[in-house]
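Q: These came from Swiss-Prot, pasted as-is:
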- Thr14, Gly15, Gly16, Asn125, Arg165, Ser193, Gln293: UDP-N-acetyl-alpha-D-glucosamine binding site (BINDING)
Amino acid sequence: MTNKKVVVLVAGGTGGHLFPAEALAVELRQRGYDVHLATDERAKRFVRHFDEKHIHIISSATLVRHHPFALIKTFWLLLRGMVQSWILFRKLRPVLVGGFGGYPTVPPVWVAALTGRVTFIHEQNAVMGRANRVLATRVNAIASGLLLENKIHIHKTFVTGNPVREAILKAAEIPYCASTSKQPFYFLVFGGSQGASAFSRIVPEAVKLLDHDIRERLHIVQQVRGEEIDLAKIYQDMGVQAEVAPFFDNMVEHIARSHFIMSRAGASTVCEIAIIGRPALLIPYPHALDHDQAANAALLAARGGAQIMLEKDLNAQILSSLLTKFCCEPHSLEQRALAAKKVGKPQATRVLADMAEALIVGRSLLDMKREFFDENTT
């Protein structure tokens, strides 16, 4: 039986929710804590830093309105998850419970708060997600990745940033170097399953409109869906160097090497681009819940580190004009790269762990603001 203090982190079973939880877990273990993960079945595909005995599956479900039978099932699963959470906490006796978004966080964090345990939530996006909104009034602190100031919760909201991979921090040491008129211009295009199809249609049309001398310089790295892999042949026929694939193991290297990026605006993407310091054209996913990607993009654009364009407004002519401009005026991209880097928060994992330890020892919220988060004080 370990004598270490136990911390339970709770996250929905997708990479976006799990990664910051895992990053914090690694840091807290180095500080001597025994860290457990409460999540749902989906997490098994993504978890890297928890062994089986430290993973606890909790029942939950996404709230579905206007469907009575689905609503009944959802409430039953939430109730079951609350009972499971209560039993788990009785066994582990955690000194801290932290939620990282997604509906699976609701039962454990709710029960933890209800039973008087110290709690926090971490919001990755500039707009608070639905599960975190349910929990915001009940927790002791709200850690902000990109979250815009919310006057209702300002007294307990702390800007920590979003934890990123160690590879991102290493890539951040590589300075941005503008592409001169005789050098290749690296253009990175990615958007996951939510962006690949739209980008695969627009980018080659834009490339066709470029002058020959610019096409000769262009080196495209583009994420596509599996059925769109023949895009490589289209670029080849236009005389453009291109790497096309559904997934890149070395995506961090591609971000660091790029002169210009076109991507969606998920929280992790925006944070990684900012920390490495690369200029971007951000196209928010139009069907994102609560328009969180638009808010994420707006935060970086407001500091001059990115340009936003709605998908409905993007066409081949506009993209072609942008590529021509940036190939001919590389120093404007240098300025955007510097602006993006100023937004990045490479110390996010450490700051989040500092906040967690402050909560554990009972530090007041005001003291925590003064010491760690002066930039969030109004």
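Glycine is no exception: its Cβ is also placed from the backbone N, Cα and C atoms.
Owing to the predicted nature of the structure, the values given are computational and were not obtained by experimental measurement.
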Q: Which secondary structure state does DSSP assign to Gln293 (UDP-N-acetyl-alpha-D-glucosamine binding site), in the simple three-class scheme?
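A: Going by the DSSP assignment, Gln293 (UDP-N-acetyl-alpha-D-glucosamine binding site) falls within a helical segment, counted as helix.
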Q: Give me the long-range Cβ neighbours of Gly16 (UDP-N-acetyl-alpha-D-glucosamine binding site): same chain, 6+ apart, Cβ under 8 Å, in sequence order.
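A: Listed in sequence order, they are Gly101, Gln124, Gly266, Ala267, Ser268.
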Q: Where does Arg165 (UDP-N-acetyl-alpha-D-glucosamine binding site) sit by DSSP, helix, strand or coil?
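A: Looking at the DSSP assignment, Arg165 (UDP-N-acetyl-alpha-D-glucosamine binding site) belongs to neither helix nor strand, so coil.
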Q: Please identify which of Thr14, Arg165, Gln293 has the densest Cβ environment, defined as other Cβ atoms within 10 Å, among these binding-site residues.
A: Gln293
Q: At 10 angstroms around each C-beta, which of the binding-site residues Gly15, Asn125 has the fewest other C-beta atoms nearby?
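A: Per-residue Cβ counts within 10 Å for the binding-site residues Gly15, Asn125 bottom out at Gly15.
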